[in-house]
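Asker: Positions annotated as substrate binding site by Swiss-Prot, on the basis of sequence analysis: ARG23, GLN24, ALA25, GLY26, ARG27, ASP73, TYR151, SER206, HIS321. Taken from Swiss-Prot, the feature site 'Transition state stabilizer' covers ASP73, and the record attributes it to sequence analysis.
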Amino acid sequence: MSKIFVDACLGKETPYTPVWMMRQAGRYLPEYMKVRAEAGNFLNLCHDPEKACEVTLQPVDIVGVDAAILFSDILVIPDEMGMDLSFVKGEGPKFSDPIKTQADVDRLIGGEEAAGKLTYVYDTIKLIKERLAEDKALIGFTGAPWTLATYMIEGQGTKTYNICKKMMYSDPELLHNILAKVTEVVKYYMEKQIEAGIDVVQIFDSWASAIEPGKYDEFSWKYMVEIADYLKSKYPDTPIIMFPKGIPAFIERGLVYGNFDVFGVDWGTPMALAKEKLGDQYVLQGNMEPCRLYSKEATTECVEAIQKVMGGKRHIFNLGHGILPDVPVENAKHFVNECHRVSGKK
């Protein structure tokens, strides 16, 4: 059976514009909170294929999105590379021993060995594929090497990225060595996700905006393109979505390139600009400001504006970043319904 989401990713004509939401399997859903409480904590939920499968399917069943996205976390990669991930309540993810030297890099587990330890992810994918409706697609994902490296070097989330940037400008070779090692793991990780059954790949560069535009290609984009090239060489029919958040200047200068299918547009980048610069080359995904979900009227206004720009061609509806935990479920449903309405779903 044809999957409308996969067709849309490949730029094919579809009867309406499909929609999903970043972080759609998450805290705004009471059903998710119940399963998370049963799991004990966030990491336990990631490591439990049965429960991770359940929360992956929830937004498809409850909200009506056209694709499921695997429930996991980008930081399971450095965790299995040997970095000892923990989640501290109220503070987020932490690594107890951040990378400071080449010796730290050399100690990390690399390549296929690290990717091979993520069996719980592949088991989750297989379970989801058994239970997901045939007309719905499953999105697998990874963090971009730069975004992963920020946590590995800083030891936690950061607003300034000063430790990473100090390395970028004072010891770029060390940073490139970290990025290269992470890139190799990501290649094998995404290959194994595809082999397990995902239909589409998304690469999240959540902290792309931390890099000045003139350095973005060198320290992030080229590594994302390397991953896409590797996957396309083996799985040419598997669509790849790139989502670098907060790089309008990079887009405006015409610096985006690479062998991928869909460009995810964040809410801070005008859709008209993305269409002008990228619309002929890539399908565009996005880009409603997530806080509009607090108001059904604001949601409808934005959905109609995006539809006016894109005209239902070479487009996938999404938010311009993740859905927030206190959004009413009814408003999330309204967003999905409005995306379907304006694009002509019967």
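Backbone N, Cα and C define each Cβ position, glycine as well.
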Asker: How big is the Cα-to-Cα gap, in Å, between HIS321 (substrate binding site) and ASP73 (site 'Transition state stabilizer')?
Answerer: 15
Asker: Using a Cβ-Cβ cut-off under 8 angstroms and a sequence gap of six or more, which residues of the chain neighbour ARG27 (substrate binding site)?
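Answerer: Once residues fewer than 6 apart are set aside, ARG27 (substrate binding site) is near MET33, ARG36, PRO325.
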Asker: Looking only at ARG23, HIS321, which of these binding-site residues has the biggest number of Cβ atoms within 10 Å around its Cβ?
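Answerer: Counting Cβ neighbours within 10 Å, the top one is HIS321.
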